[in-house]
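*Asks:* This is the structure I want to talk about, given as structure tokens.
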Amino acid sequence: MSVQSTIKRKTAPEILARKGGEPVVMLTSYHAHTAALVDRYCDVILVGDSLGNVMHGFETTVPVTLDMMILQGRAVMRGSKEALVVVDMPFGSYEASKEQAFHSAVRIMKESLCGAVKLEGGVKMAETIRFLTERGVPVMGHIGLTPQSINTLGSFRAQGREESNWGPIEADARAVAEAGAFSVVIEAVAEPLAAKITKDIAIPTIGIGASPACDGQVLVLEDMLGLSPWAPKFVKRFGDLGPGIEAAIKDYASEVRSRAFPGPEHVYGMKKR
């Protein structure tokens with residue numbers, strides 16, 4: 001017996017078709033409950049390897065494992081219903097060979113049930129992207145500042161701020177598009193360059209510290225909610241939840257210590273005979 005859902009999720013081809021149209025809205029999520037909230041308003045939910053920083057307190061995304069990504073991908077899939085869920089391929093899961101990348105991507109998609117994967121890199125990863133897409137794996141690219149390369153970059157600095165440095169970044173964008181990616185994240189790239197790339201390539205660009213001209217935007221949820229103590233220049237704080245959460249925890253601790261909580265309304269009495 002076949003089972004058909006009454007709610008249709010967005011797909012990679014549908015996001016590709018948004019090129020030049022209504023901007024694509026994308027946020028990160030790593031949990032079922034935040035995924036349910038994000039799902040109401042976003043086209044794409046990214047299960048980013050930024051979970052290493054946000055959930056686990058790592059200084060970089062390098063320590064994140066494939067199993068960690070799959071586990072949180074499952075949670076986000078259970079919490080969401082309509083958004084396309086994209087799961088990051090973590091450092092070390094795809095760089096060795098295109099075959100390694102395929103096996104990792106298949107694990108992610110089969111075990112999390114997500115709709116696409118994302119990987120970092122341009123020209124050097126084009127062959128891998130093509131290999132995956134030709135075998136049924138939708139791929140979102142990621143160029144510009146690539147956080148998984150922090151140990152070779154040396155710092156999280158914006159890219160392409162001198163026009164003489166534009167060539168390699170433009171080449172990365174073209175390579176990702178021509179390899180069959182359905183979209184590409186452009187991170188921390190000079191605004192004029194990001195706008196030019198958006199105009200020049202045929203797939204949607206998703207900006208993060210890039211340009212309002214991009215075909216969509218993405219932020220880390222905890223950054224835009226004001227839950228992170230520090231956020232990059234490109235983050236706008238759409239909320240300030242950190243102080244409110246701290247105040248609630250402070251009040252809870254105070255009421256427990258003073259025995260004000262739990263009150264009569266929070267406990268169970270005996271059944272009347």
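The chain as shown is numbered from 1 upward.
Just so it is clear, glycine is given a Cβ too, placed from its N, Cα and C backbone atoms.
So Swiss-Prot says this about it:
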ACT_SITE  Glu187  active site, proton acceptor
BINDING   Asp49, Ser50, Asp88, Lys118  3-methyl-2-oxobutanoate binding site
BINDING   Asp49, Asp88, Glu120  Mg(2+) binding site
*Asks:* Distance check, please: Cα of the residue listed as 'active site, proton acceptor' against Cα of Glu120 (Mg(2+) binding site), rounded to an integer number of angstrom.
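*Replies:* So the Cα of Glu120 (Mg(2+) binding site) lies 11 Å away from that of the residue listed as 'active site, proton acceptor'.
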*Asks:* Once Asp49, Ser50, Asp88, Lys118 are set aside, which residues in the chain still have Cβ within 8 Å of the Cβ centroid of the 3-methyl-2-oxobutanoate site?
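*Replies:* Apart from Asp49, Ser50, Asp88, Lys118, the close residues are Thr28, Leu46, Val47, Gly48, Leu51, Thr61, Val64, Met69, Val87, Met89, Pro90.
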*Asks:* Using C-alpha atoms, which one of the binding-site residues Asp49, Ser50, Asp88 comes nearest to Glu120 (Mg(2+) binding site)?
*Replies:* Asp88
*Asks:* Which ones in the same chain are close to Asp88 (3-methyl-2-oxobutanoate binding site), with CB under 8 Å and 6+ residues apart in sequence?
*Replies:* Leu46, Val47, Gly48, Asp49, Ser50, Val64, Met69, Val117, Lys118, Leu119
*Asks:* Here are the binding-site residues: Asp49, Glu120. Which has the lowest count of other Cβ atoms within 10 Å?
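*Replies:* Ranked by other Cβ atoms within 10 Å, the binding-site residues Asp49, Glu120 bottom out at Glu120.
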*Asks:* Hey, what's the Cβ neighbour count for Glu187 (active site, proton acceptor) at 10 Å?
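*Replies:* 23, counting other Cβ atoms within 10 Å of Glu187 (active site, proton acceptor).
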*Asks:* Taking DSSP three-state, what's Ser50 (3-methyl-2-oxobutanoate binding site) in: helix, strand or coil?
*Replies:* coil
*Asks:* Reduce the DSSP letter at Glu120 (Mg(2+) binding site) to three states and note it down.
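*Replies:* It is coil.
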*Asks:* Of all the binding-site residues given, Ser50, Lys118, which residue's CB has the most CB neighbours within 10 A?
*Replies:* Lys118
*Asks:* Given that the record lists Asp49, Ser50, Asp88, Lys118 as binding 3-methyl-2-oxobutanoate, what is the largest C-alpha to C-alpha distance among them, in Å?
*Replies:* 13
*Asks:* Which secondary structure state does DSSP assign to Glu187 (active site, proton acceptor), in the simple three-class scheme?
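*Replies:* For Glu187 (active site, proton acceptor) - judged by DSSP and reduced to three states - the answer is strand.
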